[in-house]
Amino acid sequence: MTTVLKLGGSVVTDKSEPETVDREALDDAAAAIAAADTTGGSDAVGTADSDGLVVVHGGGSFGHHHAAAHGVTDTEGTHDVEGVLAIHDAMRELNDAVVGALQDRDVPALPVHPLSTAHRDSAGETTLPSEQVETMLAEEFVPVLHGDVIAQSNEGATVLSGDEIVTLLARQLAADRVGLCSTVPGVLDADEVIDRIERFEAVADALGASDATDVTGGMAAKVRELLDLDTPASIFGPADLAAFLAGEQPGTLVQRRR
Ligand SMILES: Nc1ncnc2c1ncn2[C@@H]1O[C@H](COP(=O)(O)OP(=O)(O)OP(=O)(O)O)[C@@H](O)[C@H]1O
Ligand SMILES: C=C(C)CCOP(=O)(O)O
């Protein structure tokens with residue numbers, strides 16, 4: 001079984017303070033991942049024939065802050081190389097922290113930086129090679145990707161969100177499970193967690209943007225992307241990470257009715 005897990009930038013960073021890792025939250029997440037034994041092989045998460053875990057993390061107070069400062073979004077690009085590097089370097093720094101926290105817990109985590117491998121065409125179609133991720137999984141490593149800036153034809157460089165990485169990889173790896181761990185316990189409608197979302201229109205009124213600086217669209221964009229997947233996806237909070245990794249479906253399950 002292959003699991004793709006996104007650790008929200010809002011979980012692993014303090015989104016109200018530029019470039020601040022939330023060390024406690026990150027270590028808690030790393031501990032939950034370590035306890036779940038998520039590497040490929042016979043004892044891995046979910047079933048006996050697990051192919052392992054891919055971790056993706058978002059930008060939080062690292063990427064979004066720099067992207068906003070340089071006017072870069074997932075559709076608006078820049079040719080300013082210093083701006084591109086500022087966004088990428090911030091994301092690499094956060095990725096170092098995430099990989100480091102996992103390695104401190106003996107999770108065999110390795111970084112994968114999308115700027116060096118992914119690109120977009122002028123219509124915004126993203127290509128993200130996954131062969132290195134698949135090989136890492138086969139060798140029982142835990143690849144750790146992150147939202148990033150990537151080259152886009154006619155735009156310079158634009159933001160690739162962790163959420164889009166999750167959906168691209170889930171398709172390419174034919175993932176069995178997808179989890180988005182954010183700061184909220186699920187998708188909320190008037191403070192109640194919605195159990196299941198099958199159609200965007202049914203929840204559109206409840207969905208908003210992020211309440212922090214976020215250039216890629218917050219909760220509404222997440223739900224839209226997840227509804228396009230064949231793989232069922234769960235959106236849940238940090239308290240439910242261990243349950244998700246143990247095979248449960250906490251929070252909100254997003255799956256289009258076929
Ligand atoms: N109906 C809703 N239910 C839950 N959260 C919502 C809703 N509408 C808007 N939100 C906002 O969406 C946020 C989650 O999206 P956000 O993009 O900030 O999360 P993330 O993936 O953890 O962070 P990042 O994008 O930095 O990786 C919540 O913190 C909340 O502010
Ligand atoms: C802002 C950058 C560079 C990454 C955005 O990733 P996200 O937080 O998953 O939307």
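Cβ atoms are placed via backbone N, Cα and C, with glycine included.
For reference, TrEMBL has these:
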- Lys6, Leu7, Gly8, Gly9, Ser10, Gly60, Gly218, Lys222: ATP binding site (BINDING)
- Gly59, His64, Gly162: substrate binding site (BINDING)
- 1-228: domain 'Aspartate/glutamate/uridylate kinase' (DOMAIN)
- Lys15: site 'Transition state stabilizer' (SITE)
Candidates Lys6, Leu7, Gly8, Gly60, Gly218 (binding-site residues) - the one closest to Lys15 (site 'Transition state stabilizer') by CA: Gly60
Neighbourhood of Gly60 (ATP binding site), C-beta criterion under 8 angstroms, separation at least six: Gly8, Gly9, Ser10, Val11, Val12, Thr13, Asp14, Lys15, Leu94
Number of Cβ atoms other than its own within 10 Å, given for His64 (substrate binding site): 29
Among Gly59, His64, Gly162, the record's substrate binders - longest CA distance, Å: 12
Segment-level pLDDT (mean, integer) for the domain 'Aspartate/glutamate/uridylate kinase' (1-228): 91
From Gly59, His64, Gly162, the binding-site residues whose CA lies within 10 Å of that of Lys6 (ATP binding site): Gly162
Whole-number Å value for how far Lys222 (ATP binding site) lies from Gly162 (substrate binding site) (Cα to Cα): 10
Count of other CB atoms lying within 10 Å of the CB belonging to Gly218 (ATP binding site): 17
Pairwise Cα distance for Gly218 (ATP binding site)/Gly59 (substrate binding site) [Å, integer]: 12
Annotated binding-site residues Gly59, His64, Gly162, Gly218, Lys222, filtered by Cβ under 6 Å to ligand 2: Gly59, His64, Gly162
Whole-number Å value for how far Gly59 (substrate binding site) lies from Lys222 (ATP binding site) (Cα to Cα): 14
Binding-site residues close to ligand 1 - of Leu7, Gly9, Ser10, Gly218, only those whose C-beta is under 6 Å away: Gly9, Ser10, Gly218
